[in-house]
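What follows is a set of notes on a single structure, which appears directly below.
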Amino acid sequence: MNNKIEPLILIGFMGTGKTTLGQFLASNNQLSYIDLDEHIAIQENKSIPEIFEAIGEQGFRKLENEYLQECVQRYDIISTGGGIIEGDESFRILKEQPKVIWLDCDIEILYKRIKNDSNRPNANNKSLFELKSLYSSRVSRYNEIAFIKVNSSQSLSDLQNDIMEAIVCE
């Protein structure tokens, strides 16, 4: 990636489609892409739940910050984990980035997508009430660092158009 180009960083709650959209944008625009959680799992040779179990959420957030620092220098598009804004250092890095895109979606739709996903340690087997509470605790931090907020319940093409329009109009 050319260091003069700022990466497009996708943030948002679990299940909003950050990975799907990131892959779509990268493929359609011939840009480099990385899914931060997937990158962490590969580099650490463990799944995200295994990392959480081994070193706890605080330990994971430290790893997440280290890999985020590396990835913002190397990739055009980065999809992050839903809890990236929980780590203060990662939050600070994201706050300095000009193209942070917040993908948002109705919590009930998200609940249906993620409630039984064993790869999401903060969501697996949680009630809708518990997920709403977690979502609510993160909204202000997403909002604080987002360049734009888009509704991810629309088509990938429409999302791409909304994002590109916002970037061009910047």
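In case you wondered, yes, glycine gets a Cβ from its N, Cα and C as well.
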Report the candidate from GLN43, GLN97, GLN154 that shares the ATP site with GLY15, THR16, GLY17, LYS18, THR19, THR20, ARG120, as recorded in Swiss-Prot.
GLN154
For the substrate site that Swiss-Prot assigns to ASP37, ARG61, ARG138, which of GLY22, GLY82 is also named?
GLY82
Quick one: Cα separation, ARG120 (ATP binding site) versus GLY82 (substrate binding site), in Å?
10
Nearest of the binding-site residues (ASP37, ARG61, GLY82, ARG138) to THR16 (ATP binding site) - Cα to Cα:
GLY82
